[in-house]
Amino acid sequence: MGPANEPQSTTNPHTGALRLITSPAPLHSTRDGPSSAVAVPVPSSLSQVPVRKPRGLTPRHPALREMLPAGRHLSLLALALVPLASLLGAAAAGAGEGFCSAEPSSDCSQGPPLYWKVTNPTLAPVHLQDLPGFTRSVYKKDHALITPESHVFSPLPDWTNTLGAYLISPALGAHFTMYLANMQDGSKSALPPKDVERLIFVLQGSIALSLESERSHSLLVDSYAYLPANMKHSMTSDELSTLVIFERRYTAIGDYHPDLIVGSTDKQPLLETPGEVFELRKLLPTSLPYDFNIHIMDFQPGEYLNVKEVHYNQHGLLLLEGQGIYRLGDSWYPVQAGDTIWMAPFVPQWYAALGKTKSRYLLYKDVNRNPLI
């Protein structure tokens with residue numbers, strides 16, 4: 001016998017025919033608890049469905065007639081009730097799910113904070129959590145999967161009261177760094193090396209960004225700031241805060257100079273994605289002064305990339321919400337919120353979203369520069 005909420009079958013001892021038995025459909029759960037939107041009941045037995053005898057559908061074989069209660073014959077409509085109820089229930093369960101903005105609304109205040117699974121990840125399947133030496137992390141010459149149980153934190157050089165974990169660096173073959181910074185009350189940042197640009201994205205808590213020539217900015221979860229190379233700035237925090245930070249040595253061309261950018265994901269417009277179904281936002285301008293960009297990509301459950309990409313660009317990816325399957329080269333990896341991926345140039349790559357909730361990832365991509373430079 002399977003779970004109580006799945007259709008079951010029994011065998012008629014006299015005829016050997018199969019009888020389909022169903023039980024009431026449970027409420028569909030969401031990450032915020034059971035959904036109250038499901039309003040399609042499923043009868044405890046198909047025999048309880050009163051349907052008018054349709055012409056031409058009366059079973060002629062004695063074994064088939066024995067499967068049906070006396071005086072009642074199943075119609076196509078009755079047969080469709082179970083899958084229809086499941087589909088409507090699934091749609092209703094996911095209808096209200098989305099991503100809360102940097103300034104949470106009353107609807108969002110009842111659930112867990114945005115990106116909470118990044119800072120509170122499921123380290124491994126339950127039956128493997130206590131297995132010594134187990135990790136999902138993988139390192140290969142053209143890609144790496146770095147999962148939360150592998151993170152190693154240590155004091156960040158020149159930062160105050162801050163621990164960091166470098167996830168991607170030139171040691172992998174990358175031309176950028178990507179790291180997590182865990183700040184707390186009294187933490188303060190340091191400047192990146194000379195000629196190095198920086199982008200910070202807030203995953204948890206809040207920080208104050210101070211600049212020499214401008215007013216301070218308060219950055220909440222889902223907010224970000226791009227700091228051009230050699231721009232003096234500092235970040236402070238008076239609470240537990242987590243940042244993901246990208247840094248790379250700026251590649252200058254001509255007289256172009258990038259500007260300071262401060263924003264939040266929900267304020268960025270959705271962009272066209274010809275031939276694709278995912279939702280795309282870009283955190284930085286696409287103009288020539290900027291030599292990289294950060295994409296925010298949202299997938300509904302079951303959606304996937306149409307193009308199996310192979311290109312010269314490098315990627316650094318952090319899965320912010322949801323779960324799915326990522327193909328890298330000839331390998332296929334189950335991934336979930338909190339996982340980081342490095343993709344070298346020309347590694348085949350593809351993603352499909354799985355599970356019951358939307359998935360979102362943040363993606364670094366170098367742009368606007370000739371690969372020969």
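Heads up, the Cβ atoms here are built off N, Cα and C, so glycines get one too.
These features come from TrEMBL:
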COMPBIAS  34-51  compositional bias 'Low complexity'
DOMAIN    296-362  domain 'Cupin type-2'
REGION    24-57  region 'Disordered'
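Mapped onto DSSP classes, the domain 'Cupin type-2' (296-362) shows 0 helix, 39 strand, 28 coil. Within the model, the domain 'Cupin type-2' (296-362) shows a mean pLDDT value of 97, rounded to a whole number.
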